[in-house]
Amino acid sequence: MAVADTEPLPFVLSFTDLTYSVRNNRRHSDSKRSSLSPSDAPSSTAKDPKTKVLLDSVSGEARDGEILAVLGASGSGKSTLIDALANRISRESLGGRVTLNGEPLESRMLKVISAYVMQDDLLFPMLTVEETLNFSAEFRLPRSLSSSKKKARVQTLIDQLGLRSAAKTIIGDEGHRGVSGGERRRVSIGIDIIHNPIVLFLDEPTSGLDSTSAFMVVKVLQRIAKSGSVVVMSVHQPSARILRLLDRLIFLSRGQTVYYGPPEELPSFFSAFGRPMPENENWTEFALDVIRDLEGSPGGTTALVEFNRSTCGVPATTTRHVTNLSLKDAISASISRGKLVSGSATFANPFWVEIGTLTKRSATNIRRMPELFVIRLGAVLVTGFILATIFWRLESSPKGVQERLGFFAFAVSTIFYTCADAFPVFLLERYIFMRETAHNAYRRSSYVLSNVIVAVPSLVFLSVAFALITFFAVGLAGGVKGFLYFFLIILASFWAGISFVTFLSGVVSHVMLGYTVVVPILAYFLLFSGFFINRDRIPPYWIWFHYISLVKYPYEAVLQNEFGSTTKCFVSGSQIFHNTPLGNLSPTMKEGLLKGLSASLGVNITGSTCVTRGTDILRQQGITDLSKWDCLWITVAWGFLFRILFYFALLLGSKNKRR
């Protein structure tokens, strides 16, 4: 794929003396280094033994129409170099220079003209290939393009990726059969090149694929490069067939360049170094074996690094190929040719379009996995049925009052615990979200609002189901108005609980760690809600936790809904002896005791005299500060607060850059 010397290349991505190091005690973002042996790890600098150099003066260039492949053993710095070129490392931490057509690349501009394909396939499992690409087109292509042109772009891309036969097949996951691994990888590439980027970065796109699938993926990348893109990819150990598709190689060892040049010059390079290749040997396998042997030797790869600098360096032919077009002119020319569909340095769509597209995508994916909602509904129905049968038709008596308190405390706390199963939902989308927002596919605020819209209908259904099963079976007070309020506070509780769990899922990135945090916090909320101990009995140094308890406000709300009546009697004169040793006395003796009590108090108390009304119970429980409607609005407000905090967690926690 050599370009004629007289033909200038529209785009040349150059990088010079890239250097990047991290502290030894820091856990940097390349997870693949977590299990490296000492010989694999990047070496410490001589000046500072506490520092690991991940890139050490790496230089080279990637050209329009070609594929630059970065090779090396695990821990050699392949992914770090890709991240450096893709502006995924903080400029303050990265030494050296990265330019396109000789001009430094601004972060905003790079987001528009480039795409980054992660190593993992991060896709919604229940969307078809065509739907996945259609949604990507809605996000990345400008509003000025008509719907028909967007669909035409998707169909063209499906053919370019060789996915026509799988277009109507769902992506699939462990529980749903879908496309093959190679097709899934090509879809991952497709969603990032929907806007026809000028520069394409890929982190090991062939990882985990069989040789045929890997070859087909690289063949697709070759077609993309020939269409006028700069393609830079890392690859661990390409086959001989894949090697023939690559135009330029850069081998790394512990962050240093040990070979830079075209694949066909590998045999002569190693022969000149004194390590001739045997015939019929896979060139890259041989090169990696030589590098590995040198890494284990006392002198390391220093000799090979110096030999590469003396024989290869940056090829002299580079200067003949550098375009005389400025970056702005080259991009304008590329857009005029239809290469780059979107030239905007901001978001392609207004936020209401983003919200609609995000909502539609999530709703489609959820609708095709009804088992998730069915499991949650089943948990609510079973819990409601158990509560309804245990607390069936509670009496208006001292015993009934205690049972009502127990019912409300358990019902409200169970609602919040049921919300904990929403924790993995965002974690499954976390890296999809990070990948899409890294290139301005949509605003973070749009994602948060669409998340609310998708969640609310299911919460309404769950709240209606729980209220219908329990309210009338338990015999709660208030009639139709009481039922409607009970439904509203249950809905508000679900809303606050889901919002709280969603916020934590934006902060904690591991499922088990998340559950370890969620479950104890919910238990503390119940402990300080006022059920186990009245507010007046809580120590002053813990009272703040009482007021931030999510369980407190729904619990007080349902108690006020039940005991707020000034007319309904819960304890009559004949019942004041219940739950005491005097409860087993005969009616005649109880009547005598009441007469004596009346004489002492100067008040006539008979067996039918109401001694305790609902408002008295509220005072006994210390529920006097807020009305039931105040409690409802505060519960709703908690939900909105956690959604706002979720937004800031996404804003601060999804920068997707190394420091």
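In case you wondered, yes, glycine gets a Cβ from its N, Cα and C as well.
Database features, via TrEMBL:
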COMPBIAS  34-44  compositional bias 'Low complexity'
DOMAIN    36-279  domain 'ABC transporter'
REGION    26-51  region 'Disordered'
TRANSMEM  373-394  transmembrane segment
TRANSMEM  406-428  transmembrane segment
TRANSMEM  448-477  transmembrane segment
TRANSMEM  483-504  transmembrane segment
TRANSMEM  511-533  transmembrane segment
TRANSMEM  632-653  transmembrane segment
Can you work out whether the transmembrane segment (448-477) touches the transmembrane segment (511-533), with the criterion being 3+ CB pairs under 8 Å where the paired residues are 6 or more apart along the chain?
no
Six or more residues out from either end of the transmembrane segment (373-394), which same-chain residues have a Cβ under 8 Å from its Cβ atoms?
366, 400, 403-404, 406-407, 410-411, 414, 418, 421, 458, 461-462, 465-466, 469-470, 473-475
Stretch-averaged pLDDT - the domain 'ABC transporter' (36-279):
86
